[in-house]
Amino acid sequence: MVKTKAVIPGSFDPITNGHIDIIERSSDRFDELHVCVLRNMKKSGTFTVEERIAMIKESVAHLPNVHVHSFGGLLVDFCDKIGATTIIRGLRAVSDFEYELRLTSMNKKLNSRVETLYMMSSTEYSFISSSVVKEVAQYDADISEFVPKHVEKALLAKFNQSNNE
Ligand code: PNS
């Protein structure tokens, strides 16, 4: 039997409760869900790719069909490599739309076999992004509502470390 496989790509720098919501809601719709962290040579993030993967793995440990990887190069090539024909992306607000339209249109041009499906963020997560969480975490704000406990600890450690440098 052919397995249904989908990919959730992103920077995940770091994973938030908004990402986890999309992963949980899509995981039972496919046999395998592959969460893929972009290895971006040009952009260095707050966390290394390995740190991000470790945080994602801990966040999805309760979902047995979810696998976590990193990828470099084109996303559609990665999809081909693992035999996935669906990309899942979360959509928070109208402001996400133009960026997502560009991504999806380019991916479709590059490989028409791969389809992108969008899932609306749950209302309580519609304003959360990794960058907004990092922005407020730098100033010691309470971020426990927005990220899992282990991510909160990692963020606080990261910002305490850079404040002491
Ligand atoms: O979480 P992000 O940063 O919005 O995710 C963006 C991501 C990783 C999905 C996108 O940058 C991507 O797929 N990059 C890989 C290169 C690629 O395939 N580009 C073609 C689409 S423009």
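Quick reminder: no glycine exception, Cβ is built from N, Cα and C everywhere.
These figures come from a predicted structure and were not determined experimentally.
What TrEMBL lists as domain 'Cytidyltransferase-like' is 8-135. Per TrEMBL, substrate binding site is recorded for Ser11, Lys43, Leu75, Arg89. According to TrEMBL, the ATP binding site annotation covers Ser11, Phe12, His19, Gly90, Leu91, Arg92, Glu100, Tyr125, Ser126, Phe127, Ile128, Ser129, Ser130, Ser131. The site 'Transition state stabilizer' annotation in TrEMBL covers His19.
In this structure, Ser126 is the one among the binding-site residues Ser11, Ser126, Ser130 with the smallest number of other Cβ atoms inside 10 Å of its Cβ. Selection of the binding-site residues Ser11, Leu75, Leu91 by a Cβ distance under 6 Å from ligand 1 yields, in sequence order, Ser11, Leu75. Cα of Leu75 (substrate binding site) to Cα of Ile128 (ATP binding site): a span of 24 Å. Each of the binding-site residues His19, Lys43, Arg89 was assessed for Cβ neighbours inside 10 Å, and the highest tally belongs to His19. The binding-site residues in question are Leu75, Leu91, Ile128, and the one with the fewest Cβ neighbours inside 10 Å is Leu91.
The domain 'Cytidyltransferase-like' (8-135): residue composition by secondary structure is 56 helix, 28 strand, 44 coil, according to DSSP.
Within the set of binding-site residues His19, Glu100, Ser126, Ile128, Ser130, the entry lying nearest in space to Lys43 (substrate binding site) is Ser130 (CA atoms). Ile128 (ATP binding site) sits 14 Å from Ser11 (substrate binding site), taking the CA atoms of both as reference points. Within the same chain, the residues at least 6 positions away from Glu100 (ATP binding site) whose Cβ sits under 8 Å from its Cβ are Arg89, Leu91, Tyr118, listed in sequence order. The maximal spread of the substrate binding site, taken as the longest Cα to Cα distance among Ser11, Lys43, Leu75, Arg89, is 21 Å.
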